[in-house]
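Student: The structure that follows is given in the form of structure tokens.
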């Protein structure tokens, strides 16, 4: 491979980042974005691809509640500091803020007009605020516990406010009379969610007492209870005309479409601790639909803790139903027809707000459009790289998954193998999204697994029990259903400590294992006969990999180095040093001519094998980088680590070359354009081009030339007026550099004078880093003006000396104005007219001594040095 094919640069595309830490969230009116609480920050996330549109920094306190105005222009937030803030989403500026409540704010909502904001707090109070005036319009007291939910009546002409509390009551507040007009008492536990029917006359309340209560808002009487036998977190009403209503009304409610009194039934959805969605009808309090299985995750069997739904909302514009899980996942459901035309819900999208610590990842599929990610959980999440949505979750392990590998078998099946802390290995099929094989026998956590490269009919696992096992895949057939018990073909006790990594040679004849005992071993496959032990690292080995073309292997160690070893001699050929902490992963690139490594220092380094040179270093992670995946076809990179972020890296070598060539070509053209503008005296255009080309020396020459022009102020005002804020900042940086040199300071002061005259202080103070720029300008400017002051004082002494020597006549008030007028340049570039009076000859002194011609010539020379025309001064003879 030619050296021109070597990679020189990678561009990072942050794909999966933490955007939700649990708690408050809100959906936009069109469903295009989510606003989520992420610790003390607020993340605005695109629902299409989970990309973070904006991040709003808070006040270092956790966000407790969020709300959006109906037009999505304003965001309301409150933190544990009880400070309510109003944000303009177009500029991300805080418009106003005020402190509310005597305890944390648990919920907030905005009315349909956007003019009122209601807040519910742990201080058992409910407040209503005027958004524009930031003052409290209503203060409601009456609850005996924490107010957990709050909502305005959706009808604009019905000025009612509903609040639910953990005192098991729902209160109805009249905004006109400012009183509590009803207390609804039928719950026996915390009221978690409120909803109003489409006609506006029925209130639904859900609680942790496993029931949904329906209330008549005409007389605030109790209508009925719908038992759900599940701790509920949210209830949502299905509105007529929506996709849900059409599917439900057509297929399920034909026999229940009317009550006996002729009023239509109310259809609603509930979610809770079981992690399933159920559809209900108020007609007979019947459950019309229930999911067969939960899409949420279940924790280990040790504590049998279920991670169900914590919240849910009906999405606008018929976009479906959104459910939020306890492990920070957003599940998007759409109504569909199942077999027999029955109503069912299909999971259309899964956005993961927090990925825990990422421990391993691999590209999946023939075209590598998917990414399998093992986090600090018992599941493996498979992401679609186009939308960065979690396509599905591989659940089956009972403890954390530590390692995984992927391959496409000879039969065309895409397989995933995983090793876990539950001492087992599992084989999964991508197409069916199910487990097809389980291998048991290890006595410790399985920290490394790897598929064969050529035959793809076996895989190898390494464990904390210090053994290596070879597992047979010949028992798998496309027509076999269910799970197969895997059989170990060979077992060997390989190391003295935990095995961290395994690698198989491209021809499936050799296996390399890396261990915490600071050694790597080469084994013959499939019999696992030891060939050679690689010794030389001073710390445990975290990663091993064979070269795709040469008989060598690389090892990455906790001693901050990467080494290349020769096979079969076991000699160390090269050592790569540069990481400041443990190197956790290393892999070959460019057909073995380059290396990519990542470590506990959060750095990603690109190396050239031949020269031992580190070509590039990338710092895009905030913590340890545990996982590194390299695409076999495109050599695209994926990295993940302790910061719960997944970054995708694309080779930009060719693109950077083309961009550099275009930039050079464009620079040449603009350089010619600049020279033409200077020759044509088009100073405005020339100054703009000098800024674009970043040529401070040329800019100085233009300013120096303008300084000598009579209409300099007009040209400079026109040129500087076209500059943007960033260009003004750049100009001040240039002026700061010029101001440090005495030869250039007069031009610097000339430009600075006009900058301060043209731009108002309010605009200058908004420039980024203006304080540092002014701090650099002030001391040198003070030094230059002190020097000018000293020079001026010296001229006074010279005038006094010449007058005392009777060389020049002192100026008198009655002196005529006639004389020679000289134009002397001032400091700001203008010309000052100075009139020098012609001194008339005085009477000859009585002394017979005459001044010599030598002294006269000396005086003339001195006068020329100070800029005075000696020809206009009459000397005494």
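Placed from the backbone N, Cα and C atoms, the Cβ positions cover glycine too.
Features from TrEMBL:
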type   : residues : note
REPEAT : 56-97    : repeat 'WD'
REPEAT : 98-132   : repeat 'WD'
REPEAT : 140-183  : repeat 'WD'
REPEAT : 184-225  : repeat 'WD'
REPEAT : 394-438  : repeat 'WD'
REPEAT : 439-474  : repeat 'WD'
REPEAT : 492-533  : repeat 'WD'
REPEAT : 534-575  : repeat 'WD'
REPEAT : 576-617  : repeat 'WD'
REPEAT : 618-649  : repeat 'WD'
DOMAIN : 673-805  : domain 'U3 small nucleolar RNA-associated protein 13 C-terminal'
REGION : 840-859  : region 'Disordered'
Student: Does the repeat 'WD' (140-183) make contact with the repeat 'WD' (98-132) through 3 or more Cβ pairs under 8 Å, each pair 6 or more apart in sequence?
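Tutor: Counting Cβ pairs under 8 Å (6 or more apart in sequence), the repeat 'WD' (140-183) reaches the repeat 'WD' (98-132), since there are 3 or more.
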Student: With Cβ-Cβ distances below 8 Å as the criterion, list the same-chain residues six or more beyond the ends of the repeat 'WD' (576-617) that contact it, or say none.
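Tutor: Sequence-remote neighbours of the repeat 'WD' (576-617) are 1, 5-10, 539, 542-543, 545, 547-550, 554-564, 623-628, 630, 635, 637, 639, 641, 643, 649.
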Student: Using a Cβ cut-off of under 8 Å, list the residues of the same chain at least 6 residues beyond the repeat 'WD' (394-438) that approach it.
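Tutor: Counting only partners 6 or more residues beyond its ends, the repeat 'WD' (394-438) has Cβ contacts under 8 Å with 297-298, 300-301, 359-366, 370, 372, 374-382, 444-452, 455-457, 459, 461, 463, 471, 473, 475-476, 478, 480, 482-486.
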Student: Which residues, given as numbers and ranges, are at least 6 beyond the ends of the repeat 'WD' (618-649) yet have a Cβ under 8 Å from it?
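Tutor: Same-chain residues near the repeat 'WD' (618-649) but 6 or more away: 7, 10-18, 354-363, 367-368, 371, 373-375, 383, 385, 584-590, 596, 598-600, 602-606.
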Student: Helix, strand, coil: count each for the residues of the repeat 'WD' (394-438), based on DSSP.
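Tutor: The composition, in the requested order, is 0 helix, 28 strand, 17 coil.
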Student: For the repeat 'WD' (576-617), what are the DSSP-based totals of helix, strand and coil residues?
Tutor: 0 helix, 25 strand, 17 coil
Student: Counting by DSSP secondary structure, give me helix, strand and coil numbers for the repeat 'WD' (534-575).
Tutor: 0 helix, 24 strand, 18 coil
Student: With DSSP as the reference, give the number of residues of the repeat 'WD' (492-533) in helix, strand and coil.
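Tutor: Output for the repeat 'WD' (492-533) reads 0 helix, 25 strand, 17 coil.
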Student: Taking helix as H, G and I and strand as E and B in DSSP, count the residues of the repeat 'WD' (184-225) in helix, strand and coil.
Tutor: 0 helix, 24 strand, 18 coil
